[in-house]
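Here's the structure, in structure tokens; my notes come after.
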Amino acid sequence: MFFLYLLAFLFFIFVVIYPLGRYFLSHLRIGTPSYNVILSIVLGLLVFTLEGFIFGLLKIWNIFFVLVIVQSLVLLIRHKKEIKKEIFTIKFDSVAIFCVFLSVFVNSLITFPFGQVSEMGVRFAGAHTIDNNWHLALINSIQRGIPPEIPIYSGEFLKSYHYLVDLQIALLQIFTKIPTGTLFYQIMGPFYIFLYSALAYMLGKRLTGKTFGAVLSLALTALSSNWYHIANYIYPSSRSWPSVAWVDYFSSKSVNYPLLFSMIIMFSITYLLLVIKRYDGKKILILSVIVGSLISFKSHTAIVLIISLGILASFELLQRKFNFLKIFLVSGLIGFIFLLNTFSLKSQGLIFHPFWFIETMYKAPDRLNFDVWELKRQYLISLGTLKSNLAVIKLYLEGVGIFLLVNLGILLVGFLAVFMSKDKVKKTIMLFLSIISIVSFLLTMLFIYSGKAIETIQFFYPAVVSLSLLTSFFLSRLYRQDKFWGVVFSLIICVSLLPGVFSTLRDYSQDSYIYISKSVTEAASFLSRQEDGIVMLAPAFSGNSFISAYSKKRVFLADEIITTGISLDYAKRAKEVQQFFDCGLDVDGMKNILTDNKINYIVAGPEKTCFEKQVSLEKIFSNSETSVYLVSENK
């Protein structure tokens, strides 16, 4: 059955998404038919999602569904000859095919085996239990309308989250009818990795002009981790894992689809800036929409790109050129418009808190676990002398050095690439990538989110990717000067970054599976067949978004990590839930909780519960672990 789903998905991509993206890409006039197919699919996905978003906000999704069919037919008929020519003139690169599919295979090991219902229940690993169940629940909620109701905090609408990748998957599911779990884990993960890997190869080939550089670009951006193993030699008490210094890009990109898609867009923008020779109003507008709309796909990456474009524009102004300034200003305006439509002004914001990640990196038991650093810092601050203040600065510099050494290591040589190209366009792109790296680092070091500080680390991911691309250029130039040492040095770098890959894959191995039991899965499946309604979960079942994700129902309260991360008052509702299940209220109070919050279903344990005697309920399902009740008064 999976292969039928895959065929349906690919049919939709090539019949609807590709022609749509190709139409807009044709206005950029970039040539290279082989690469146009990949870029057309990326641009098509972006436009398709933006159309759905706009029509959704206008509450006219029915028109959007008709529009998608009509525009695909018109574009296919109108450009039939050009599309046929483009497809049949593709030059297949055997090295590219091998490297891209190797990357897809390796990275998909983190997502493909998970999320499917089996006799043992549903298996998860790593971030899947929290993050991906949240995304599945959100996808289900988006299909009811935009802005989506928060699926794990019913009655409230999502106003402080970049959810357009979830919208993209929701729309693809509506058109293809592929089960959401299958689409999310088995298809979208490998598909996004395919686009990411292909673009990394394309960009490396264009930057370096060599297949060697293209392979390095893909290897460093898609098949590498960090130098986490060094931390254990310096601090023996540290935990030995890729996130020891907060940054584990290899696994993060595979499980975090908004991050992955934002990197796909970043690759695409960089490639387009590299190949566009002359700018006009139409090209500037298309590029600006791509960059500006990214704020609603992944705000962290968008902020880094827009700021970096502004800095690059200031360098360009010295040469009396204005193209990047125009892109910066228009993309900033578009980004602000999208920001207003997906984020609330009252939502979590950035606050100035320098070196929070350095301090917590030393203090946290699952990081460096080196309290001596923090004790020394506090002691030196308490002295208050000039000498002690200088010593504090030295401490922080040491911390920054460890942070960069572990997370970037040898990739820091990539900054040298700026001085190695004589081509003006390539030199500009090298400068752009260097600026991205610096902006990413500074945002990470100087600010944190007020709601969930650890989310701020996602500002750093563009730096990892940019320096990987720059390093591939550096190594390619070294290879051009001396092939032997170029190959040797490249192998040493790539091999030194592999332990983290193996560590992550081992963590996602069968021994690390977490199963949501068959009984809980059956309860969620049963609820999915019932009429729409709001579910109240007993505390034992509210630790994550699983019930909402697999029942396709809105839940009154679940997943403290996610709800607090998007600035919701988890404690208030948690108190109500606890009082209800403990029967800590009188009959009227319990009825009011159900009535005021429009609760239709209750999921509790199998044991006899006190609330059954207090309110009018009908048990409609039970097994060894769960009982599902219908709230009779709220039918």
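Cβ atoms are placed via backbone N, Cα and C, with glycine included.
Per TrEMBL, the feature transmembrane segment maps to 6-25 (among others).
According to TrEMBL, the feature transmembrane segment maps to 37-54 (among others). Same-chain residues lying 6+ beyond the ends of the transmembrane segment (37-54) with a Cβ under 8 Å from its Cβ atoms: 13, 16-22, 24-25, 30, 61, 64, 67-68, 86-87, 90, 146, 164-165, 167-168, 171, 195, 198-199, 202, 264-265, 268, 271-272, 289-290, 293, 296-297.
Outside the transmembrane segment (60-78), and at least 6 residues removed from its termini, the chain residues within Cβ reach (under 8 Å) are 15-16, 19-20, 22-23, 48, 51-52, 145, 174-175. TrEMBL lists 60-78 (among others) with the feature transmembrane segment.
Sequence annotations record features per position, and here TrEMBL assigns transmembrane segment to 90-110 (among others).
Feature annotation from TrEMBL assigns transmembrane segment to 183-203 (among others). Only residues 6 or more beyond the boundaries of the transmembrane segment (183-203), in the same chain, are considered here, and those with a CB under 8 A from a CB of the stretch are 2, 5-6, 9, 35, 38, 41-42, 96, 99-100, 103-104, 107-108, 110-112, 114-116, 132, 135-136, 139, 169, 172-173, 176, 214-215, 217-218, 221-222, 253-254, 257, 260-261, 263-264, 267-268, 270-271, 274, 469.
The feature transmembrane segment is assigned by TrEMBL to 215-235 (among others). Residues 95, 99-100, 102-103, 106-107, 193, 196-197, 200-201, 203-205, 207-208, 241-245, 247-250, 368-370, 402, 405-411, 465, 468-469, 471-472, 475-476, 490, 493-494, 496-501, 503-504 of the same chain, all 6+ positions outside the transmembrane segment (215-235), place their C-beta atoms under 8 angstroms from a C-beta of that stretch.
Panel annotation: around the transmembrane segment (255-274), residues 28, 30, 35, 39, 42-43, 46, 110-111, 126-128, 131-132, 135, 162, 165-166, 168-169, 188-189, 192-193, 195-196, 199-200, 202-203, 206-207, 287, 290-291, 294, 297-298, 300-302, 305, 425-426, 428-429, 432-433, 436, 458, 461-462, 465, 469 of the same chain, lying at least six beyond its termini, place a Cβ under 8 Å from a Cβ of the stretch. Residues or ranges marked as transmembrane segment in TrEMBL: 255-274 (among others).
Taken from TrEMBL, the feature transmembrane segment covers 286-312 (among others).
Within the chain, the transmembrane segment (324-343) has long-range Cβ neighbours (under 8 A, six or more residues past its boundaries) at 57, 147, 159-164, 279, 284-285, 287-296, 299, 302, 306, 309-310, 312-313, 316-317. Feature annotation from TrEMBL assigns transmembrane segment to 324-343 (among others).
The transmembrane segment feature in TrEMBL is assigned to 429-447 (among others).
According to TrEMBL, the transmembrane segment annotation covers 459-478 (among others).
Taken from TrEMBL, the feature transmembrane segment covers 484-505 (among others). Among residues of the same chain six or more beyond the transmembrane segment (484-505), those with a C-beta under 8 A of the stretch's C-beta atoms are 106, 109-110, 212, 216, 219-220, 223-229, 240-242, 248, 250-251, 409-410, 471, 475-476, 478.
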